[in-house]
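Okay, structure first, notes after.
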Amino acid sequence: MARMYYDEDANLDLLAGKTIAIIGYGSQGHAHALNLKDSGLNVIVGLYPGSKSVAKAEAAGLTVKSVADAANAADFIMILLPDEVQKTIYKNEIEPNLEEGNVLAFAHGFNIHFGQVVPPANVDVVMVAPKGPGHLVRRTYEGGEGVPALFAVYQDASGQARDRAMSYAKGIGGTRAGVLETTFREETETDLFGEQAVLCGGLSALIKAGFETLVEAGYQPELAYFECLHEVKLIVDLVVEGGLAKMRDSISNTAEYGDYTRGPRIVTQQTKAEMQKILSEIQSGQFAREFVLENQSGKPGFTAMRRKESEHKIEEVGKDLRAMFSWLKKA
């Protein structure tokens, strides 16, 4: 069984007196920067001139510099930008400012694993990837807890890369919950697979198919929305708390029996074969090439798919229903 590492396994002093540059101030960026700052470390934020995030970061008491200046001033550089822009910003702003002994860090292995970013041999290259959104990383830290994280070493130029990665994980609160060691390849391929086959692609397709089946059979769209989308959270919360066993222990016998007897008719061996094909496309780099080319061409297909999905009836029904949910209404 994989070993988890905790606070006592990591030494925060390894980053004491060092300057940590957080490149980007989005969901993960703001959480990492503020948690590291509250851990007593010296943090600066790298943003492009005119970024709307400059005011937010400065209001939080953080020093903001251009990406190039932040990279130049830092010992430890964490890149928390969208995958599709990392290559260009790294090449133009970060790479020219790297020095021997620096740490180049990522929260996802995509660009390193697929060769979009090729670091020099004289820097450490590590990954620290919280397994939760930024707001949760921040909120749990403030509550004295943390979000579990993955960490990995791609290149150990200093001989301390692993310890430095664990130190950073401790600084953002990850070792409070536990951190698991992996590799850039393993994190990248499993993360992409989970997103595509289960969490995003698989779940979205399942929800829409269920909704469409009920509506096409003449049932009210509002009821179809409740049964196929709204109640997903109720089930997922149980699964997260105690696995499939707790979920099944918490639902009715009718629902549990239907789970066992009908579920395998939805996710069949053919479905699993398609999952294996999707995994192969990830492993071979086919998906990465497709995604890179799509972005290089201006995202025409991506934009069209976004527009089409936004016009699905489930979005219209959901918007109207959510407007009536008192607990979702803005104060």
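Placement of Cβ uses the backbone N, Cα and C atoms for every residue, glycine included.
Among Gly115, Gly132, Gly134, the residue that Swiss-Prot places alongside Tyr25, Gly26, Ser27, Gln28, Ser51, Ser53, Asp83, Glu84, Val85, Gln86 at the NADP(+) binding site is Gly134.
Comparing the binding-site residues Asp191, Glu227 by how many other C-beta atoms lie within 10 angstroms of each C-beta, the top residue is Asp191. Within the same chain, the residues at least 6 positions away from His108 (active site) whose Cβ sits under 8 Å from its Cβ are Asp83, Met127, Ala129, Glu187, Thr188, Asp191, listed in sequence order. When Cα-Cα distances from Glu231 (Mg(2+) 2 binding site) are compared across the binding-site residues Ser27, Ser51, Val85, Glu195, the shortest belongs to Glu195. Neighbours of Val85 (NADP(+) binding site), defined as other CB atoms within 10 A of its CB across all chains, total 14.
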